[in-house]
Amino acid sequence: MPKLLPPVVLAGCVVALGACSSPQHASSLPGTTPAVWTGSPSPSGAGAAEAAPAAAPSITTHLKAPDGTQVATAKFEFSNGYATVTIETTANGVLTPGFHGVHIHKVGKCEPSSVAPTGGAPGDFLSAGGHFQAPGHTGEPASGDLTSLQVRKDGSGTLVTTTDAFTMEDLLGGRKTAIIIHAGADNFANIPAERYNQTNGTPGPDEMTMSTGDAGKRVACGVIGAG
(Lines of atoms letter the chains of each structure in order from A and count residues from 1; the text may use other names and numbers.)
(Lines give C-alpha, C1' and ligand atoms only; values in the text may rest on other atoms or scores of the structure.)
Protein backbone atom coordinates (compact mmCIF):
# COMPACT_ATOMS: atom_id res chain seq x y z
CA MET A 1 0.00 0.00 0.00
CA PRO A 2 1.55 3.38 -1.07
CA LYS A 3 2.37 5.88 1.61
CA LEU A 4 0.40 9.14 1.71
CA LEU A 5 2.37 12.33 2.04
CA PRO A 6 1.55 14.51 5.00
CA PRO A 7 -0.64 17.59 4.32
CA VAL A 8 2.29 19.90 5.04
CA VAL A 9 4.35 18.34 2.28
CA LEU A 10 1.46 18.69 -0.21
CA ALA A 11 1.07 22.35 0.64
CA GLY A 12 4.76 22.88 0.09
CA CYS A 13 4.52 21.32 -3.34
CA VAL A 14 1.65 23.59 -4.31
CA VAL A 15 3.66 26.64 -3.26
CA ALA A 16 6.69 25.37 -5.15
CA LEU A 17 4.66 24.75 -8.29
CA GLY A 18 3.20 28.24 -8.08
CA ALA A 19 6.63 29.71 -7.68
CA CYS A 20 7.96 27.79 -10.64
CA SER A 21 5.16 28.67 -13.06
CA SER A 22 6.00 31.22 -15.80
CA PRO A 23 4.88 34.78 -15.07
CA GLN A 24 1.81 36.13 -16.88
CA HIS A 25 2.24 39.36 -18.83
CA ALA A 26 -0.50 41.80 -19.73
CA SER A 27 -1.60 41.60 -23.35
CA SER A 28 -4.13 43.30 -25.56
CA LEU A 29 -4.63 40.28 -27.82
CA PRO A 30 -8.06 38.61 -27.63
CA GLY A 31 -8.13 35.61 -25.33
CA THR A 32 -4.91 36.52 -23.57
CA THR A 33 -4.26 37.92 -20.15
CA PRO A 34 -5.97 41.34 -19.82
CA ALA A 35 -4.01 44.43 -18.95
CA VAL A 36 -3.51 44.94 -15.25
CA TRP A 37 -5.42 47.95 -13.86
CA THR A 38 -3.15 50.05 -11.70
CA GLY A 39 -5.89 52.17 -10.13
CA SER A 40 -4.75 55.32 -12.01
CA PRO A 41 -7.14 56.19 -14.86
CA SER A 42 -5.81 58.03 -17.88
CA PRO A 43 -5.58 61.79 -17.41
CA SER A 44 -8.96 63.46 -17.81
CA GLY A 45 -9.33 65.01 -21.23
CA ALA A 46 -5.98 63.66 -22.48
CA GLY A 47 -5.61 64.48 -26.14
CA ALA A 48 -8.53 66.89 -26.11
CA ALA A 49 -8.11 70.58 -26.75
CA GLU A 50 -8.01 72.78 -23.67
CA ALA A 51 -11.07 74.92 -23.05
CA ALA A 52 -10.71 78.44 -24.43
CA PRO A 53 -10.65 81.24 -21.83
CA ALA A 54 -13.88 83.16 -21.38
CA ALA A 55 -14.15 86.23 -23.59
CA ALA A 56 -14.00 89.62 -21.88
CA PRO A 57 -17.34 91.49 -21.65
CA SER A 58 -17.63 93.90 -24.57
CA ILE A 59 -19.91 96.41 -26.29
CA THR A 60 -19.82 97.26 -30.00
CA THR A 61 -21.30 100.55 -31.23
CA HIS A 62 -21.82 101.87 -34.77
CA LEU A 63 -21.20 105.58 -35.31
CA LYS A 64 -23.12 107.36 -38.06
CA ALA A 65 -23.03 110.78 -39.69
CA PRO A 66 -26.09 113.08 -39.49
CA ASP A 67 -27.30 111.73 -42.86
CA GLY A 68 -27.15 108.13 -41.60
CA THR A 69 -23.90 107.13 -43.30
CA GLN A 70 -21.96 104.70 -41.14
CA VAL A 71 -18.61 106.26 -40.30
CA ALA A 72 -16.94 103.96 -37.77
CA THR A 73 -17.34 101.21 -35.20
CA ALA A 74 -16.28 101.44 -31.57
CA LYS A 75 -15.66 98.37 -29.44
CA PHE A 76 -15.33 98.52 -25.65
CA GLU A 77 -13.70 95.50 -23.98
CA PHE A 78 -13.59 95.31 -20.19
CA SER A 79 -10.99 93.23 -18.31
CA ASN A 80 -8.39 93.57 -15.56
CA GLY A 81 -10.07 96.70 -14.20
CA TYR A 82 -9.95 98.87 -17.32
CA ALA A 83 -11.54 99.30 -20.75
CA THR A 84 -9.82 98.86 -24.10
CA VAL A 85 -11.51 101.05 -26.71
CA THR A 86 -10.96 100.27 -30.40
CA ILE A 87 -12.32 102.64 -33.05
CA GLU A 88 -12.11 101.81 -36.75
CA THR A 89 -13.48 103.83 -39.64
CA THR A 90 -15.79 101.93 -41.98
CA ALA A 91 -16.24 104.48 -44.77
CA ASN A 92 -13.28 106.30 -46.28
CA GLY A 93 -13.55 109.97 -47.09
CA VAL A 94 -16.20 110.90 -44.53
CA LEU A 95 -13.69 112.18 -41.96
CA THR A 96 -11.09 114.73 -43.03
CA PRO A 97 -7.39 113.84 -42.61
CA GLY A 98 -5.91 114.84 -39.27
CA PHE A 99 -6.89 114.52 -35.63
CA HIS A 100 -10.50 114.24 -34.44
CA GLY A 101 -11.61 114.56 -30.84
CA VAL A 102 -13.42 111.50 -29.45
CA HIS A 103 -15.59 111.70 -26.35
CA ILE A 104 -18.25 109.75 -24.52
CA HIS A 105 -21.27 111.96 -23.92
CA LYS A 106 -23.68 111.65 -21.04
CA VAL A 107 -26.99 110.95 -22.84
CA GLY A 108 -27.61 107.94 -25.08
CA LYS A 109 -29.08 109.89 -28.01
CA CYS A 110 -27.79 110.48 -31.55
CA GLU A 111 -30.29 112.87 -33.10
CA PRO A 112 -29.41 115.15 -36.03
CA SER A 113 -30.50 118.76 -35.61
CA SER A 114 -31.39 118.39 -31.94
CA VAL A 115 -31.27 120.68 -28.92
CA ALA A 116 -28.91 120.19 -25.98
CA PRO A 117 -30.46 119.19 -22.62
CA THR A 118 -29.57 122.67 -21.38
CA GLY A 119 -31.39 124.33 -24.30
CA GLY A 120 -30.12 126.63 -27.02
CA ALA A 121 -29.98 126.47 -30.80
CA PRO A 122 -30.29 123.07 -32.49
CA GLY A 123 -27.29 121.24 -33.93
CA ASP A 124 -26.23 117.73 -34.90
CA PHE A 125 -26.19 115.30 -31.97
CA LEU A 126 -26.51 118.07 -29.37
CA SER A 127 -29.15 116.07 -27.46
CA ALA A 128 -26.32 113.74 -26.34
CA GLY A 129 -25.37 116.43 -23.83
CA GLY A 130 -21.91 117.22 -22.53
CA HIS A 131 -18.97 114.97 -21.74
CA PHE A 132 -19.76 111.94 -19.57
CA GLN A 133 -18.69 111.88 -15.94
CA ALA A 134 -18.68 108.57 -14.06
CA PRO A 135 -20.58 108.56 -10.75
CA GLY A 136 -18.57 110.43 -8.13
CA HIS A 137 -16.16 112.02 -10.59
CA THR A 138 -15.89 115.75 -11.25
CA GLY A 139 -13.39 118.02 -12.93
CA GLU A 140 -11.23 117.70 -16.02
CA PRO A 141 -10.37 115.60 -17.85
CA ALA A 142 -13.88 114.21 -17.85
CA SER A 143 -14.42 110.46 -17.54
CA GLY A 144 -15.54 110.39 -21.17
CA ASP A 145 -12.48 112.13 -22.62
CA LEU A 146 -10.64 109.69 -24.89
CA THR A 147 -7.51 109.84 -27.02
CA SER A 148 -8.01 111.55 -30.38
CA LEU A 149 -8.47 109.59 -33.61
CA GLN A 150 -5.88 110.30 -36.31
CA VAL A 151 -7.30 109.95 -39.84
CA ARG A 152 -4.97 109.24 -42.76
CA LYS A 153 -5.00 110.96 -46.15
CA ASP A 154 -7.39 108.36 -47.57
CA GLY A 155 -9.93 109.17 -44.85
CA SER A 156 -9.45 105.99 -42.83
CA GLY A 157 -8.15 105.59 -39.32
CA THR A 158 -7.82 103.26 -36.33
CA LEU A 159 -7.50 104.07 -32.65
CA VAL A 160 -6.77 101.69 -29.76
CA THR A 161 -6.69 103.27 -26.32
CA THR A 162 -7.27 102.23 -22.71
CA THR A 163 -8.94 103.92 -19.76
CA ASP A 164 -9.96 103.04 -16.22
CA ALA A 165 -12.22 106.08 -15.90
CA PHE A 166 -15.47 104.09 -16.23
CA THR A 167 -16.98 100.61 -16.13
CA MET A 168 -19.40 98.90 -18.48
CA GLU A 169 -22.15 99.46 -15.92
CA ASP A 170 -21.38 103.18 -15.88
CA LEU A 171 -21.86 103.44 -19.65
CA LEU A 172 -25.12 101.46 -19.72
CA GLY A 173 -26.75 102.91 -16.62
CA GLY A 174 -29.36 105.66 -16.39
CA ARG A 175 -29.95 107.37 -19.73
CA LYS A 176 -27.08 105.38 -21.30
CA THR A 177 -24.28 107.17 -23.11
CA ALA A 178 -23.11 108.03 -26.63
CA ILE A 179 -19.69 108.11 -28.28
CA ILE A 180 -19.07 111.04 -30.62
CA ILE A 181 -16.34 111.90 -33.13
CA HIS A 182 -15.78 115.62 -33.62
CA ALA A 183 -14.75 117.61 -36.67
CA GLY A 184 -11.50 118.88 -35.17
CA ALA A 185 -8.70 118.03 -32.79
CA ASP A 186 -9.10 118.08 -29.01
CA ASN A 187 -6.66 120.39 -27.23
CA PHE A 188 -7.57 118.83 -23.84
CA ALA A 189 -7.74 122.38 -22.44
CA ASN A 190 -3.98 122.63 -22.68
CA ILE A 191 -3.92 126.43 -22.60
CA PRO A 192 -1.04 127.42 -20.30
CA ALA A 193 -2.10 130.30 -18.08
CA GLU A 194 1.39 131.79 -18.13
CA ARG A 195 1.20 132.21 -21.90
CA TYR A 196 -2.42 132.77 -22.88
CA ASN A 197 -5.27 134.99 -21.72
CA GLN A 198 -8.96 134.79 -22.47
CA THR A 199 -10.58 137.68 -24.33
CA ASN A 200 -11.60 139.16 -20.98
CA GLY A 201 -8.01 139.04 -19.75
CA THR A 202 -8.36 136.00 -17.50
CA PRO A 203 -5.36 133.68 -17.92
CA GLY A 204 -5.76 130.07 -19.05
CA PRO A 205 -8.63 128.21 -20.76
CA ASP A 206 -12.23 129.38 -20.54
CA GLU A 207 -15.19 127.23 -19.55
CA MET A 208 -15.97 126.28 -23.16
CA THR A 209 -12.45 125.00 -23.74
CA MET A 210 -12.47 123.15 -20.43
CA SER A 211 -15.71 121.34 -21.24
CA THR A 212 -15.26 120.65 -24.97
CA GLY A 213 -11.56 120.72 -25.79
CA ASP A 214 -12.51 123.00 -28.71
CA ALA A 215 -12.96 119.91 -30.88
CA GLY A 216 -15.68 121.53 -32.99
CA LYS A 217 -18.85 120.10 -34.49
CA ARG A 218 -20.13 116.61 -33.80
CA VAL A 219 -19.76 114.67 -37.06
CA ALA A 220 -20.46 111.04 -36.05
CA CYS A 221 -22.40 109.52 -33.16
CA GLY A 222 -23.32 106.11 -31.78
CA VAL A 223 -25.45 105.16 -28.77
CA ILE A 224 -23.38 102.84 -26.58
CA GLY A 225 -25.19 99.56 -26.06
CA ALA A 226 -27.58 100.05 -28.98
CA GLY A 227 -25.51 97.87 -31.34
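Cβ atoms here come from the backbone N, Cα and C positions, even for glycine.
Remember, predicted model here, so these are calculated numbers, not experimental data.
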Matching range for Swiss-Prot feature annotation, region 'Disordered', among 23-55, 89-121, 155-187: 23-55
Secondary-structure category, per DSSP, in which C110 (disulfide bond) falls: coil
